[in-house]
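*Asks:* Would you mind keeping the following structure in view while I ask a few things?
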Amino acid sequence: MPVKMVAIFGASTVLWILFAVSQAFKIEISPEYKTLAQIGDSMLLTCSTTGCESPSFSWRTQIDSPLNGKVKTEGAKSVLTMDPVSFENEHSYLCTATCNSGKLERGIQVDIYSFPKDPEIQFSGPLEVGKPVMVKCLAPDVYPIDRLEIELFKGDRLMKKQDFVDEMAKKSLETKSLEVIFTPVIEDIEKALVCRAKLYIDQTDSIPKERETVRELQVYTSPKNTEISVHPSTRLHEGAAVTMTCASEGLPAPEIFWSKKLDNGVLQLLSGNATLTLIAMRMEDSGIYVCEGVNLVGRDKTEVELIVQEKPFTVDISPGSQVAAQVGDSVVLTCAAVGCDSPSFSWRTQTDSPLNGEVRDEGATSTLTLSPVGVEDEHSYLCTVTCQRRKLEKTIQVEVYSFPEDPEIEISGPLVHGRPVTVNCTVPNVYPFDHLEIELLKGETTLLNKFLREEIGTKSLETKSLEMTFIPTAEDTGKALVCLAKLHSSQMESEPKQRQSTQTLYVNVAPKEPTIWVSPSPVPEEGSPVNLTCSSDGFPTPKILWSRQLKNGELQPLSQNTTLSFMATKMEDSGIYVCEGINEAGISKKSVELIIQGSSKDIQLTVFPSKSVKEGDTVIISCTCGSVPEIWIILKKKAKTGDMVLKSVNGSYTIRKAQLQDAGVYECESKTEVGSQLRSLTLDVKGKENNKDYFSPELLALYFASSLVIPAIGMIIYFARKANMKGSYSLVEAQKSKV
């Protein structure tokens, strides 16, 4: 009994251990055993375990092909992702999980298919009643093709059914179709065609995947019984209106197109409406009009002829048969049709040159605007008016001219009496310049006339001039210089266009030699007033300019008044003064010398050592004069037999060892431009005493001192006066005695 219990206990222990192990480590796979995946979709295979903290996973196909997917393991779960699913994913996949020494494995079969779109219904052409047409039902991109079945229904009636079991399956996507030919009838309108495709993916599953397309039948009938109605009539007058209506039968309802048959048989499309209305009919509107009914399966047409009868009309053109237009202005040519409601206009030049203007048509009037007018616009213009089948033309001649500005007078320089001058009369921007005449007049006298007719004209604006040289005189002042320009027209105007410019002549006369008045005298005494007055004749009146001539010959301007005044003259005012008369015609000048004289009280006659000397003494007689230019000093000794001029040095005369015969009257004469002055003194020479050998020492010393001091004093006085007084004269020169 105990042995049996032990055996039972041991067996139960082993079973418990096995049960515990089986509970501790399990593997599961999802989806289970088998799954379907559509090509292009995403597929997840999940392998998970229980009873193991850190299992390891591995995936493989049963035939060891590539997985063609991505594996992601997290803890006790591993996922194989196939994105997108392709043919390479059709396998049996095995997931192996290992936990320590234990290993478990699960497998799953992945089958793939492709059935992504609804079938398509295609027709070989439009469904026209009574005409056979082929309809095709297509199932695109299918796999496996051997499990496909296609059915085609018209309404509830099965037209055809087809499967593809006999076709060899391929590892590829295929498009299969079912084709049926049938003849549409009127009763098919609004019926539906149904194309149904079935894919039996799992042979054990009797329910297939199914897709279908439904298309309502659009049945057509070709247009027929096309008819035209015309109101009011097919025969019309110019300016009248007509309405034509067209109708046609067919399915779908035909579109109506109106055309006109041209002379060459070509149809000119006019309208896409059932009703065609023509207003203000013209002659050219006559003809055959065609109505055509058109739909997808056919067309039907009919025609009608309209006859439009003409009526007379005239054309007027303004402003006339000829018009003159200035360059830069605007001119409007107007062409009007009378008796035609809807005329058509065209403009051209007689030489078929380009039109440079703007054409505007409004009703029965057409205008051609030339703005701005240029020389290229000079043409004969033709306006052609078409009224139905009739044409009329009118011509207008446009003459272009340019004469925008008055002439310009240019003179080569100022007008000076007796001096030749060139006058230029310019006429700017003239056209046509070969019709230009230029005349130059002085007062009422024609100086020169020129007609440019002989020059070759060009199609451009040109500037022309007339030039001449004449010598103006003083008598021309106040006269008018006139430049007269005339532009002659060819035929349009009897009188030429005129422009003129006038310039009053003012002839300049150069200043004559000035006249100078000096009051009271050109040699006044120092301190007295002096007025220098100048005048000069000329035109315009000369301006007066007083200047002083410097030692270097240059002129120092002093005044622009006619009178130059000195209130109190000074010695330095002496000099040459120049008066200039100045105007635009020239300069004239004259000079005068002003000499300022010193007063006579400055003359002194002295003797050294005294007027009474002894025989043998040295005597110095001196004559001096201050602040007097141009002075002559003459020392003389009066005698009964005649005056004896003494040879003086700087106004001094020295008697060495005076003798009794040296006694007498000595005279100093000073001469200037205004007169002379005299000074005199008497020298007394006494004879020696008995002791002839006696010579006083004091007298000897005095003699030597005087011989040195007196010349020194004279030199000092000379240089001082020369330095302080401008214009003073050296007494050295005064020794040149004048008798």
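Every residue, even glycine, has its Cβ placed from backbone N, Cα and C.
Under the heading signal peptide, Swiss-Prot lists 1-24, citing a curator's inference as support. Annotation comment: Swiss-Prot describes C47-C95, C52-C99, C137-C195, C246-C291, C335-C383, C534-C579 as disulfide bond. Residues or ranges marked as domain 'Ig-like C2-type 2' by Swiss-Prot: 119-212. Taken from Swiss-Prot, the feature domain 'Ig-like C2-type 4' covers 312-397. What Swiss-Prot lists as domain 'Ig-like C2-type 5' is 408-506. Under the heading domain 'Ig-like C2-type 6', Swiss-Prot lists 514-595.
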*Asks:* Give the residue from the disulfide-bonded residues C47, C95, C246, C291, C579 that has the most other Cβ atoms within 10 Å of its Cβ, counting over every protein chain displayed.
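*Replies:* Counting every other Cβ within 10 Å of each candidate, the maximum falls on C47.
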*Asks:* Mean pLDDT over the domain 'Ig-like C2-type 4' (312-397): what is the value?
*Replies:* 87
*Asks:* Give the distance between the Cα atoms of C99 (disulfide bond) and C47 (disulfide bond), rounded to the nearest whole Å.
*Replies:* 14
*Asks:* To the nearest Å, how far is the Cα of C383 (disulfide bond) from the Cα of C534 (disulfide bond)?
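*Replies:* Their Cα atoms are separated by 82 Å.
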*Asks:* Under DSSP, is C246 (disulfide bond) helix, strand or coil?
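*Replies:* Once the DSSP labels are grouped into three classes, C246 (disulfide bond) ends up as strand.
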*Asks:* What is the nearest of the disulfide-bonded residues C47, C246, C534 to C137 (disulfide bond), using the Cα of each?
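*Replies:* So, spelling it out, the nearest of the disulfide-bonded residues is C246.
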*Asks:* Among the disulfide-bonded residues C47, C95, C195, C579, which ones place their C-alpha within 10 angstroms of the C-alpha of C291 (disulfide bond)?
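*Replies:* The disulfide-bonded residues close to C291 (disulfide bond) (Cα within 10 Å) - there are none.
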*Asks:* Taking only the Cα atoms, work out how far C246 (disulfide bond) lies from C195 (disulfide bond), in Å, as a whole number.
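*Replies:* If we compare the Cα positions of C246 (disulfide bond) and C195 (disulfide bond), the gap is 41 Å.
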*Asks:* In the three-state scheme derived from DSSP, which category covers C99 (disulfide bond)?
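*Replies:* For C99 (disulfide bond) - judged by DSSP and reduced to three states - the answer is strand.
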*Asks:* What kind of secondary structure is C52 (disulfide bond) part of, going by DSSP in three states?
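*Replies:* In the DSSP reduction, C52 (disulfide bond) maps to coil.
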